[in-house]
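**Q** Quick one: structure below, then a few questions.
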Amino acid sequence: MSKVFDAKVLAVYMVAPNTYYMEFDAPDIARLAVPGQFVHVRCGETNDPLLRRPISIHMVSRPKGVLALLFRVVGKGTEILSQQKPGDRVNMMGPLGRGFTLPLPGSKVAVAAGGIGAAPLVFLVQELANIKCQVTVYLGARDKRSILCDGQFIQMEAEVVIATDDGSLGFKGTVPELMKRHMDWRKTAMTYVCGPGIMMKEISTMLAEADVPGEVSLEERMGCGVGACLSCAVKISHHGQISNKRACFEGPVFPSWQVVWE
């Protein structure tokens, strides 16, 4: 069950343009969290901004009780959060949402990340490494400076293949284009995806055509974070029936073949 905590900031620094890494002393969240879940963060001490911000869990250290977040500054709330200092306290709810489904130990899996979508996938690859999975990470961004988490994935002994839109690092093109050239669909037991909607839509179509199971982590605007306000509803198809599901409660992770992409 998720709870509300005042977590002490342990570290904060910029890792890429407008992108920040933060560590918190949050033993209860670190103990309970699974890959794909998020925390709902109160970014300041006043009511401006009023709403909390959902931020995916980047990594945890359960022995140390440390929670790590990786986020991009996109507005007032995340800008305020990025200005916190070690020793400050940040109010957060968590862990929230449905996380990723882990495959059988030793499985060959693919992980596709675009931009800040790499953030929740580090925790996932950490857990996949713990069960001896063979992991290939398809990592993309606009340019070399915007590539995130490649070093962390490599430290976890994942194979990392990079694509940049401008060709400044790795393959010139998109992550879906890279996967078409590189991926062995027949030997892939599971694929996990997080990134821009257009990327996730294209990869989901590819997975359906190859009959490969996959899960996507959706990044939706959220109000309450606990399923009450319905502001994060997404269309899901199940056995031919389309219904609205709450990204904060039934998600943010959904089977790739169930998402009705706009």
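Indices start at 1 and increase along the chain as displayed.
Using N, Cα and C of the backbone, Cβ positions are placed for all residues, glycine too.
These figures come from a predicted structure and were not determined experimentally.
The domain 'FAD-binding FR-type' feature in Swiss-Prot is assigned to 2-102. The feature FAD binding site is assigned by Swiss-Prot to ARG53, PRO54, ILE55, SER56, LEU70, PHE71, ARG72, GLY77, THR78. Residues or ranges marked as [2Fe-2S] cluster binding site in Swiss-Prot: CYS224, CYS229, CYS232, CYS248.
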**Q** So what's the mean pLDDT when you look at the domain 'FAD-binding FR-type' (2-102)?
**A** 91
**Q** Can you tell me how far the Cα of ARG53 (FAD binding site) sits from the Cα of CYS248 ([2Fe-2S] cluster binding site), in Å?
**A** 12
**Q** Can you tell me how far the Cα of CYS248 ([2Fe-2S] cluster binding site) sits from the Cα of ARG72 (FAD binding site), in Å?
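**A** Between the Cα atoms of CYS248 ([2Fe-2S] cluster binding site) and ARG72 (FAD binding site), the distance comes to 19 Å.
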**Q** Just report the maximum Cα pair distance in Å for the recorded FAD binders ARG53, PRO54, ILE55, SER56, LEU70, PHE71, ARG72, GLY77, THR78, no decimals.
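**A** Output for FAD binders ARG53, PRO54, ILE55, SER56, LEU70, PHE71, ARG72, GLY77, THR78: max Cα distance 15 Å.
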